[in-house]
Amino acid sequence: MATKKLFIKTYGCQMNVYDSARMADVLAPLGYGPTDDPAEADMVLLNTCHIREKAAEKVFSELGRLRRIRAAREARGEGRTVLGVAGCVAQAEGAEILARAPFVDLVLGPQAYHRLPEMVARLARAGEAQLDTDFPADPKFDHLPAPGVRGPAAFLSVQEGCDKFCTFCVVPYTRGAEYSRPVTDILAEARALVAAGTVEITLLGQTVNAYHGEGPDGSPWGLGRLIRALAEIDGLDRIRYTTSHPRDVDDDLIAAHAEVPALMPFLHLPVQAGSDRILKAMNRGHDAAAYRRIVERLRAARPDLALSSDFIVGFPGETEADFADTLALVDEIGFIQAYSFKYSVRPGTPAAGLPGQVAEDVKAERLARLQALLNAQQVAFNRACVGLEMDVLLDRTGKKPGQLVGRSPFMQPVHVSAPAEMLGTVRRVVIDAGQPNSLAGRLVACPGGAPQGPQRVPA
Ligand code: SAH
Ligand code: SF4
Ligand code: F3S
């Protein structure tokens, strides 16, 4: 029984979403249950992101706001809220956080979540702020409890950290070295999720397809093999993985896309830029031609595969000609969805010291041009879905009465009129409308039999 209330605010990537849920799992035995209202919380945790300057700066303004909320609660005689900062800003700026916001009680990096109960106990005993940003030799996964109930679609971290050191990126510093969880642990966590009602699992890792966890036979397994083993779990209808790196797309993973029906035909494969000169300066370890070849092979394996990507504009030294190469690559490959960012200088990363930093207004102008192209591709894809039948995982209630919202195989939100009992199930839907950011459709009376894959979307 929860006797205390926990509020967690999550910034950043899916791994932080997963980690927030894991922190809640760790704190549950201490009597903490979830609340949506920080004003009534006994503990507030900010799970932070350091990837771009804006993301990191948000934390301090939020801390100021929470400090006031905490003071008001204390004045009402409702007790003192424990205020904690977790995640990548905590890892990167641990001591600075305590210096700049000395009213914070807990600062803990992503590898220390299993030690939360200890930190809470020490805080209660000593009454002074606790900091833990060590990278323990012993992986945290060995000490985390079984996951709680997650709902129809859940994340599962299989790999963490990064050894790639792209010159713009803080992740190798905030998440540490690459680590792959053993296959047996992952299968056990997946089975527990499915037993609790999950039907779709997204495997997570900073470079998830660099996965090389120990198999039950002691040999290292790649991601393709792991996906095949997960696909055997009864009741697990859908498998996804993110974020993958072009360098780690191997033959077996490509084959898995052809052979495993549960593996969804949608892949987030960040390319960052289309210019070989910039890709080299970014230390991405591949050129534009290699990216094109990988996409070609993936599409040969799974013809309906749709792609998403990440882009950075205005990396140091990027000329108009370099940027034109990015536009050309986007034009040629065709993405159904994408994230694009202005390059943000991150202290301590190699690119921060490079000559040729690009002016803000140039970055903004290039970003606008890139986003116009990416948006047009997204809208065109959504329109092309009209008239098709797809399997949709109805995973939440809609705003309108009698409406459920789900995810298509391609991660598009799909609005459907459907009874509440269908929540958490995969249904056949015919698409009636394609909006810029979502689809609308109708349930198809299912003639029975196994669900089919989506029909091919015309290019
Ligand atoms: N591991 C993933 C990316 C993780 S970070 C990969 O290798 O692709 C998510 C995205 O944030 C990156 O793909 C990149 O597009 C963006 N990003 C990372 N550092 C950035 C920076 N300094 N400025 C702007 N965008 C950045
Ligand atoms: Fe960052 Fe590059 Fe590692 Fe991705 S592969 S997390 S962009 S260093
Ligand atoms: Fe941000 Fe850390 Fe994820 S920096 S993007 S929360 S790995």
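Placement of Cβ uses the backbone N, Cα and C atoms for every residue, glycine included.
No curator has checked TrEMBL annotations; they are predicted automatically.
According to TrEMBL, the protein has these features:
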DOMAIN    4-125  domain 'MTTase N-terminal'
BINDING   CYS13, CYS49, CYS88  [4Fe-4S] cluster 1 binding site
DOMAIN    148-380  domain 'Radical SAM core'
BINDING   CYS162, CYS166, CYS169  [4Fe-4S] cluster 2 binding site
DOMAIN    383-445  domain 'TRAM'
Neighbourhood of ligand 2 - binding-site residues from CYS13, CYS49, CYS88, CYS166, CYS169 with Cβ under 6 Å: CYS166, CYS169
CB within-chain contacts under 8 A for CYS13 ([4Fe-4S] cluster 1 binding site), separation at least 6: CYS49, ILE51, THR243
Greatest C-beta neighbour count within 10 angstroms, which of the binding-site residues CYS49, CYS88, CYS162, CYS169: CYS88
Conformational class of CYS169 ([4Fe-4S] cluster 2 binding site) under the three-state DSSP mapping: coil
Near-site residues: [4Fe-4S] cluster 1, ref CYS13, CYS49, CYS88, CB cutoff 8 A to centroid: TYR11, GLY12, MET15, ASN16, THR48, HIS50, ILE51, ALA55, GLY87, VAL171, THR174
Close-lying binding-site residues around ligand 3 among CYS13, CYS49, CYS88, CYS162, CYS169, where CB distance stays under 6 Å: CYS13, CYS49, CYS88
Spatial neighbours of CYS166 ([4Fe-4S] cluster 2 binding site) that are distant in sequence (at least 6 apart) but have CB under 8 A: GLN272, MET282, ASN283, ARG284
Helix, strand and coil counts within the domain 'MTTase N-terminal' (4-125) (DSSP): 70 helix, 24 strand, 28 coil
Binding-site residues close to ligand 1 - of CYS49, CYS88, CYS169, only those whose C-beta is under 6 Å away: CYS169
Extra residues within 8 Å (Cβ to Cβ centroid of CYS162, CYS166, CYS169), [4Fe-4S] cluster 2: LYS164, PHE165, PHE168, VAL170, VAL171, PRO172, GLN206
Mapped DSSP class for CYS162 ([4Fe-4S] cluster 2 binding site), helix or strand or coil: coil
Rounded to the nearest Å - Cα separation of CYS169 ([4Fe-4S] cluster 2 binding site) and CYS88 ([4Fe-4S] cluster 1 binding site): 12
Within the domain 'TRAM' (383-445), residues counted as helix, strand or coil by DSSP: 5 helix, 33 strand, 25 coil
Nearest-integer angstrom distance between the alpha carbons (Cα) of CYS88 ([4Fe-4S] cluster 1 binding site) and CYS162 ([4Fe-4S] cluster 2 binding site): 13
